[in-house]
Amino acid sequence: MTALHLAAWMGHTDAVRLLLRHGADASAEAPDGRSPLSMAAAAGRCAIVAALLESGPSLASEALLRTAVSMGARRNDILKMLLAAGAQAWGSVLIEAASLRLQLPSKVHLLLEAGRPVNSADAEGTTALHAAAAKGHASVVAVLLAAGADVHARSADGMTPLHSACGSRDPAACVTLLLRAGADPRAVTSKQHGRLTPLHLVAANSFECDASAEAALVAAGARTAALTANKETPLSLAAAHGRGPSVAFLLQQGADVNQASWDGRTPLLYAAWCGSKSVDVLRLLLEAGAVIQAVTTQTLNDSVLRSAAGYSSPTDEELISALLDAGCHSDTPASDGRTPLMAAVASGNQEVVAALLGADADLNATDSAGNTALHIAAAAEIGSYRELVVVALLLSAGAAAATANSQGQLPADVAAAQQEDALGIRSCLLREAAAHPLRQHRLATVRPRWEDSDAERCAAEAKELLKAAGELIAACGESVDRATQHPPCGDELVGGQPPPAWRAWHG
């Protein structure tokens, strides 16, 4: 780094001019590739930028323009100087200006006034209008439209600016502007990109927003019955993302509540994936006549309840309860014989397991391989303490630990073969339960519920669970050492945390 670099960065204008008069190299690069001009521009040193450009206008470059574009509105003077010095700003710079986190239409104005092509695109076919719409920058969209931006421009995947706007945080304003400018509400993306309409994309919007954009699209001619390449409707995608306002609006517009996708998934089956945030969506769909016993046709004939039990999160017992109240059968198996209880056990979701047990789900039903829910719990490799919790829940409810699967394996045998059971807790617990089933009631009071992020609470409740497990084994007349010499029982917890071996076991 030269003296000129330092003077430019620190804002010493007189020193910069003195160094230039004595022949300092204004194009010299520091070890990180920065020039005095780039350092001055990044620091917002307007007078120094002017002095350096006077010594060599050719120093202005597209890279420097990017630096000026990324600054706040107060740095427009530097952008003006670089443009006046002849810095080339191709379409990518305009696209970058349009997609800035802050809406800065003044920078877009300057670039357009300097003759930058409003419809130039990058390698993916994205224009500045695509970029601004995707960010929800309505003021920038308005500037670009006034400059003649093409509302029908297509990116490589067939996206129009209207498609881009529909995925933004607040799509309504940009959608309205683009529709007024003549955007096609029925435009479809490429087959490789799913053949999506703007209505599909706004229905699947992952941000919290109302249905204003959907209303604008439908008013402009968008079809609520449009199908994607996978035969998904906008209603299906809205249900899949738990978007209550969108679901309500689309149902009001007459969307088919039982339209199935290529694999037989109805909007209700899609909603089952969303967990607790889809409870309101579930009720809307049921009130509109959704078939509660719908099943998929391509993926194991999954029912609504089994889908919810297998995909929902630990706080979604409300969804399970709502489905049971709506008439879902707790023991309806998929084509592989696995029931909703088995799906919940496989995901380690103790809250959903408890909800299904409360609905009298069949503890000892078997799948096509002869596995019970207890076999599946024994094989689970979920991490944390969830495997033990689920096993304890099943045993306390009376699951048969002495039942063998089609390969002649007891749940204890399955657990012993799992890497996650390296310390033998599950297999030991299951083996003793198989030998002394009447002792299982000792786990009935162990119903831990914790958050993985709450280490202190997790450790305390794990200690309670393992203490009960130790009592069970001791009561059965077996040595408790196998289960307690390494796991965190009693005072073995150090600083509220399990010892290293236990933590390693659970990742």
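Every residue gets a Cβ built from N, Cα and C, even glycine.
These figures come from a predicted structure and were not determined experimentally.
Feature annotation from TrEMBL assigns repeat 'ANK' to 1-31 (among others). Per-class residue totals from DSSP over the repeat 'ANK' (1-31), listed helix then strand then coil: 17 helix, 0 strand, 14 coil.
TrEMBL lists 32-64 (among others) with the feature repeat 'ANK'. If you take every residue in the repeat 'ANK' (32-64) and average the pLDDT, you get 81.
Residue counts of the repeat 'ANK' (124-156) by helix, strand and coil are 17 helix, 1 strand, 15 coil (DSSP-based). Among the features that TrEMBL reports, repeat 'ANK' is placed at 124-156 (among others).
Residues or ranges marked as repeat 'ANK' by TrEMBL: 157-190 (among others). The list of residues near the repeat 'ANK' (157-190) in space but at least 6 beyond its ends in sequence, with Cβ under 8 angstroms from a Cβ of it, reads 124-125, 127, 129-138, 141-142, 145, 149, 151, 196-199, 201-202, 204-205, 207, 209-210, 212-213, 216-217, 220-223, 226.
Residues or ranges marked as repeat 'ANK' by TrEMBL: 230-262 (among others).
Look at the repeat 'ANK' (263-297): DSSP puts its residues at 19 helix, 1 strand, 15 coil. Residues or ranges marked as repeat 'ANK' by TrEMBL: 263-297 (among others).
According to TrEMBL, the repeat 'ANK' annotation covers 336-368 (among others).
The repeat 'ANK' annotation in TrEMBL covers 369-406 (among others).
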Mind checking how the repeat 'ANK' (230-262) divides into helix, strand and coil residues in DSSP?
16 helix, 0 strand, 17 coil
What is the three-state DSSP composition of the repeat 'ANK' (369-406), stated as helix, strand and coil residue counts?
18 helix, 0 strand, 20 coil
